Amino acid sequence: MDQEKVIVIDFGGQYNQLVARRVRECNVYCEIYSYKIDIEKIKEMNPKGIILTGGPNSCYEENSPSYRKELFELGIPVLGICYGAQLMMHKLGGKVITPEVGEYGKTEITYSANGVMFKDLPSESVCWMSHFDRIAEAAPGFEVVAHTADCPIAATQNVEKKLYAVQFHPEVLHTKNGTQMIYNFVRGVCGCAGTWKMDSFVKNTIDEIREQVGDGKVLLALSGGVDSSVLAALLAKAIGKQLTCVFVDHGLLRKNEGDEVEGVFGKDGSFDINFVRVNAQERYYSKLAGVTEPERKRKIIGEEFIRVFEEEAKKIGKVDFLAQGTIYPDVVESGLGGESAVIKSHHNVGGLPEHVDFKDIVEPLRNLFKDEVRKVGLELGLPDYLVFRQPFPGPGLGIRIIGEVTAEKVRIVQDADWIYRSEVEKAAKEYKEAHGEEPSWMPNQYFAALTNMRSVGVMGDERTYDYAVAVRAVRTVDFMTAEAAEIPFEVLQTVMSRIINEVKGVNRVFYDLTSKPPGTIEFE
């Protein structure tokens, strides 16, 4: 992309993607690179600014991630965060030490009026610390502009050389006014104009798709999730009938989800594309019969999806391009971007159907974060219920049903989940109408799951022996950690009452209070 950008050099920090997201919130394009990136490539890119991330190492130890001193002599503004700040000081003649105790969590901090990154911010505030080593002496030419009780040099700067170092993490929400600090760096120090906006992205990307595809045919496996739905809408705007979307309904979707997807992209929808819906429910239920082990269920569901998709692709005939809803975290987490990111092999990076004949792939969303994908969806006119869908696992309800998957169990969890989500959304809407803001308890993800447990109950004058449903709701910033949401008790009572009275086969409802860790958000 030929545009102004800031690059993030990753030294193994857990917040590398968060740094890039905060930069993009300032309407500045940003990419993540490993600390192994060659300095000649940086010169070639000529970024408006460079940000060095945190990391788990000590900068003065042998074999620790490092970078050439030349980086700080390019004349490009550099911001070092935590490990990145220590590395900057270490390379430029400062001193970094390992004290007896580290500094972790929310910390009171004092900013100097001279601090360029703290312009117009209160002098006394709170920041997020997560370090053991610390800067003991600033490098020559640097001015100390922030301190805490245990960290005398919490921030330092060399305004003339446009070099800035902060020991805390401005990218984390716990740092008050942290986003403004990053704004002051990228828009102030770096001089970025802030032209990275989704309306211009859509326009430019449509042109790029048309140039890449020409008059070729494109095939997309449409799951109905946010990424694939936005991708379908974007491709539809660009190439219309040259796009064929295959939607495999495996019977493990949320209630009414299949019909919602068809309503948007099918013949009665607003997009002029070729839409194929494959109703494969019985095929999946047959394959899953008797299977209880979670990973085995995942594998069956994934493999069967590829088989069904390949069968439909053969019916369509030759296609030129396969479209994938790869987004930027997929690229980073697959080790193709930053250093800390070799976490898992993502299904959209390196996993392609073997028996579909195509010459290239189309991945127009691969540079976007999830929140940006949603903005593109709104820009393209997709309905809110598609754009703001909650995260949903690839195996669908197959891993929200503990034990064997059957048609009856799918019906139970679909109905219970629909009731639960409806009541939470209703309560949140009523609160917002009354108070003018979203309730503090509003979860980021909430769903029902079916336990593999039956229990004795009494309904009317009869004894029952039915399933127990568990409902889960979590609040989280990054889905890496999560806490149980404190949904009002009266809302949970309503949910319990409705599920037991309206969903046949259920006589007990549990509310899951487990945080992540030790639990995971999903049950399997």
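The backbone N, Cα and C atoms fix where each Cβ goes, glycine too.
Features as listed in Swiss-Prot:
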ACT_SITE  CYS82  active site, nucleophile
ACT_SITE  HIS169  active site
ACT_SITE  GLU171  active site
BINDING   SER223, GLY224, GLY225, VAL226, ASP227, SER228, SER229  ATP binding site
DOMAIN    5-195  domain 'Glutamine amidotransferase type-1'
DOMAIN    196-389  domain 'GMPS ATP-PPase'
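Feature annotations (Swiss-Prot) mapped to structure.
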| residue | record | Cβ contacts under 8 Å, 6 or more apart |
| --- | --- | --- |
| CYS82 | active site, nucleophile | GLY13, THR53, GLY54, GLY55, SER130, HIS131, VAL166, GLN167, PHE168, HIS169 |
| GLU171 | active site | TYR15, LEU18, VAL19, ARG21, ARG22, ILE81, GLY178, ILE182 |
| SER223 | ATP binding site | PHE247, VAL248, GLY325, GLY394 |
| GLY224 | ATP binding site | PHE247, LEU253, GLU257, GLY258, GLU260, VAL261, LEU386 |
| GLY225 | ATP binding site | GLY325, ARG389, PHE392 |
| VAL226 | ATP binding site | LYS370, VAL373, ARG374, GLY377, LEU386, VAL387, PHE388, ARG389 |
| ASP227 | ATP binding site | GLY325, THR326, ILE327, LEU365, LYS370, VAL373 |
| SER228 | ATP binding site | LEU220, ALA221, LEU222, GLY325 |
| SER229 | ATP binding site | LEU222, VAL261, VAL264, PHE265, GLY377, LEU382, LEU386, VAL387 |
By a simple count, how many Cβ atoms lie within 10 Å of the Cβ of HIS169 (active site), its own Cβ left out? 24
Taking the recorded ATP site as SER223, GLY224, GLY225, VAL226, ASP227, SER228, SER229, identify the other residues of that chain whose CB atom sits within 8 Å of the mean position of the site's CB atoms, giving them in sequence order. LEU222, VAL230, LEU231, ALA232, GLY325, LEU386, ARG389
